[in-house]
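J.: First, the structure itself, so that you have it in front of you.
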């Protein structure tokens, strides 16, 4: 009885995990595809190249390593398909290369936004986006090549060891965790912390008096008008939202995977499916976090949505429909030339009747 109950619970957990994984896969594909279309059709975005790079990396991951994880995740995971030697090495290489490209690309995007906000008038001090992204992909390719030095896939009774968590070399896994998680986390903390400080400093700065404004008098009422309101508020409260969301999402998605890389291989194999899909959920969260939080992207998305949807006829607008329901006015409408004439006739008749009454 206990074995049957445990088997039912395991199958239920596997079904729920499969459903959540499919939702993450669909969200990553649809969200990144829509954001890529919007960004490409919105000229003038300052960090356009970094956003396009992030969307492409997320789409590559959603079409390669995420389906492989759906098919060949270890038990009690999601799939039961066993990969051969060549697909196993390919899955390990793609996982070891695309994850650094994603995390380092997020860090590069945060660094670019810091330069745009803190030093908007100094474009010469910003690193070229192509140079930064070339360094990102060179690091990702190097880590992917190093992952191939791990042990070959195990024979059928044992797990295939096709991921970085359980298939990489012993010294490689801590180095990979340092470059993929620790370095981007430090860059994100420093850049978004600096962005918050800049925004808070700008909120605390008093506004400059506009030209042509008359100076206030030195009366008591004038002095009282300069007093702050009694309601307490935190300057720069809105500015903390985007940095907190970016850093919190990065820590929630990637910290478990980084800790699993530092754990022994046996412990990492037990939590491989869970921490892997928690990390993969970042691919579905990026379009909302780095796309929809930007006002130009939201405006462009609304404009493209209005163009794509069919136009509503004028007769079905609320005001026109209400006028149709009310019907025509009771009396005949006066034209523009008839109204003054009728007014003059009324005025003349009134003046003629005044002597008679007198």
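The backbone N, Cα and C atoms fix where each Cβ goes, glycine too.
Annotations per TrEMBL:
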- 12-38: transmembrane segment (TRANSMEM)
- 31-290: domain 'G-protein coupled receptors family 1 profile' (DOMAIN)
- 50-73: transmembrane segment (TRANSMEM)
- 93-116: transmembrane segment (TRANSMEM)
- 128-149: transmembrane segment (TRANSMEM)
- 175-199: transmembrane segment (TRANSMEM)
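Relative to the rest of the structure, where do these features sit?
T.: Counting only same-chain residues 6+ beyond the ends of the transmembrane segment (12-38), those with a CB under 8 A from a CB of the stretch are 51-52, 55-56, 58-59, 61-63, 66-67, 69-70, 76-78, 273, 277, 280-281, 283-284, 286-288, 291, 297, 300-301, 304.
Mean pLDDT for the domain 'G-protein coupled receptors family 1 profile' (31-290) in the predicted structure: 78.
Long-range Cβ contacts of the transmembrane segment (50-73) within its own chain (Cβ-Cβ under 8 Å, at least 6 residues beyond either end) map to 18, 21-22, 24-25, 28-29, 32-33, 35-36, 39-40, 79, 81-83, 87, 91, 94-95, 98-99, 101-102, 105-106, 108-109, 112, 129, 133, 136, 160, 162, 272-273, 276-277, 280, 283, 286-287, 290-291.
Counting residues 6+ beyond its ends, the transmembrane segment (128-149) has Cβ neighbours under 8 Å at 49-50, 53, 89, 92-98, 100-101, 104-105, 108, 111-112, 164, 167-169, 172, 176, 179-180 in the same chain.
Same-chain residues lying 6 or more positions outside the transmembrane segment (175-199) and placing a CB less than 8 Å from one of its CB atoms are 96, 99-100, 103-104, 106-107, 110-111, 113-114, 117-118, 139, 143, 146-147, 164, 168, 236, 239-240, 242-243, 246-247, 250-251, 254-255, 257-258, 261-262.
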